[in-house]
Amino acid sequence: MAAADLSHGHYLSGDPVCLHEEKTPAGRIVADCLTDCYQDSVTFDDVAVDFTQEEWTLLDSTQRSLYSDVMLENYKNLATVGGQIIKPSLISWLEQEESRTVQGGVLQGWEMRLETQWSILQQDFLRGQTSIGIQLEGKHNGRELCDCEQCGEVFSEHSCLKTHVRTQSTGNTHDCNQYGKDFLTLCEKTSTGEKLSEFNQSEKIFSLTPNIVYQRTSTQEKSFECSHCGKSFINESYLQAHMRTHNGEKLYEWRNYGPGFIDSTSLSVLIETLNAKKPYKCKECGKGYRYPAYLSIHMRTHTGEKPYECKECGKAFNYSNSFQIHGRTHTGEKPYVCKECGKAFTQYSGLSMHVRSHSGDKPYECKECGKSFLTSSRLIQHIRTHTGEKPFVCVECGKAFAVSSNLSGHLRTHTEEKACECKICGKVFGYPSCLNNHMRTHSAQKPYTCKECGKAFNYSTHLKIHMRIHTGEKPYECKQCGKAFSHSSSFQIHERTHTGEKPYECKECGKAFTCSSSFRIHEKTHTEEKPYKCQQCGKAYSHPRSLRRHEQIH
């Protein structure tokens with residue numbers, strides 16, 4: 001089901017809302033949810049977390065503050081990589097949280113009765129959004145835009161324009177009988193994306209409804225100034241939050257993968273609150289969903305149903321968005337363009353990752369060795385070098401891989417097609433690039449040279465590993481005994497001494513080994529193969545170490 005079919009819920013209302021359950025809960029909250037592999041045309045609605053009125057009342061002030069931070073960061077991510085988009089009223093309202101203090105005692109004893117306010121915000125939000133990079137000229141989602149002839153402000157609703165014009169001509173505001181304050185209508189501000197809590201000290205005019213009243217401190221009272229851009233804030237915590245926009249620090253932890261980001265506890269609490277009600281359970285795996293439609297989509301993972309088939313190549317997909325993205329491989333369409341270098345991408349996730357290459361932002365850090373990565377998927381792959389996990393197993397030969405793409409390439413070696421076969425040794429590869437890398441082993445070409453000792457290598461990765469000999473770096477440490485290793489393979493073999501695992505078993509005699517090299521040496525004892533011959537006397541050995549010991553005699 002396309003995301004667009006599920007996007008019309010209210011933030012705070014009595015009506016049911018849609019939370020896009022086909023995505024992970026954390027992905028609906030953190031800004032990195034924008035790289036969802038099923039994402040197509042991204043709007044703020046796609047990355048906004050929706051609440052029912054009942055759910056909102058369950059959140060305490062800390063969780064509501066966290067919600068504000070999340071929504072603002074999501075919007076900034078969209079604005080960074082997208083074209084022109086009209087600022088949602090929700091964002092305009094939330095932005096003022098950074099420069100707003102609660103007027104003394106006004107909120108005490110008040111209930112957060114926001115039905116009317118949020119309903120207006122949501123209506124305006126639904127009308128005012130277009131997809132990233134698409135600005136409808138003169139219209140919003142098919143609706144005519146209305147602009148004020150006196151001041152030039154633009155409105156998405158004619159009724160809002162009328163209210164705005166009436167306020168300009170009469171100066172009418174809405175008076176709060178309880179506190180004697182004057183209020184501008186919410187509509188005239190929300191349609192333009194203006195800040196909702198702008199406060200005039202002399203006239204005491206607010207642009208929020210009387211349900212909740214905030215006073216904005218004057219500029220003179222903002223003593224905490226940003227050294228980067230000069231923006232001022234009323235307290236140090238607001239300044240620290242703002243500084244994250246400059247240094248690229250991320251507020252939230254992607255719970256499944258665990259990079260060391262702050263505020264993970266608060267995020268987990270919010271996630272659990274969002275997932276409190278999931279009555280529709282999958283009988284196969286027990287996973288729960290809020291709505292039966294989401295459960296139906298999930299069931300495709302068990303049934304293998306792929307209802308969306310490409311007419312060009314016959315490839316089928318579980319999800320409509322995946323099908324649409326695939327279609328671009330045939331049309332050549334690349335709608336997501338980098339503003340820095342002009343490089344274009346078929347889907348938003350590619351652009352999102354590419355943008356980080358310009359900023360140098362690598363938010364996913366390995367807790368074992370400190371290495372950072374652009375994406376969470378790269379971090380997961382890297383973590384497997386520490387754990388030795390290889391979850392992708394070939395059903396033909398049993399060979400296991402840490403990365404699914406490597407398994408895909410390997411599977412081609414079992415097919416009749418041998419387009420990537422080495423003509424020298426007959427070895428078959430899944431991809432031409434793998435064959436090209438392999439060919440270096442037959443040639444004398446070793447383009448990567450160590451500046452310390454002059455040793456040359458076929459591959460840059462081999463040079464990096466070699467450099468650890470000079471630097472003494474040993475990033476792979478055993479948690480059992482504390483022993484450290486410079487190579488991940490050595491670390492994995494060492495761990496087997498603790499677990500007792502011996503995966504390499506001889507079919508001739510049943511003897512098992514912890515590493516493949518020992519196994520290969522042992523196999524030669526059955527074949528009596530002795531490929532390592534002494535050039536001095538002609539004596540042959542099955543292993544190079546035996547030959548080296550023998551050569552010392554000469």
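Just so it is clear, glycine is given a Cβ too, placed from its N, Cα and C backbone atoms.
Which of 95-117, 187-209, 532-554 counts as zinc finger depends on Swiss-Prot, and there it is 532-554.
Annotated range for zinc finger in Swiss-Prot, selecting from 70-92, 392-414: 392-414. Among the residue ranges 17-39, 224-246, the one that Swiss-Prot annotates as zinc finger is 224-246. The zinc finger (364-386) and the zinc finger (476-498) are in contact, since at least 3 Cβ pairs between them lie under 8 Å (pairs 6 or more apart in sequence). Beyond its flanks by at least six residues, the zinc finger (476-498) meets 368-369, 385-386, 388, 465, 468-469, 514-515 of its own chain at Cβ-Cβ distances under 8 Å.
Sequence-distant neighbours of the zinc finger (420-442) (same chain, 6+ residues past either end, Cβ-Cβ under 8 Å): 408-413, 458-459. For the zinc finger (532-554), the partner stretch with the most Cβ pairs below 8 Å, chosen from 280-302, 336-358, 504-526, is 504-526.
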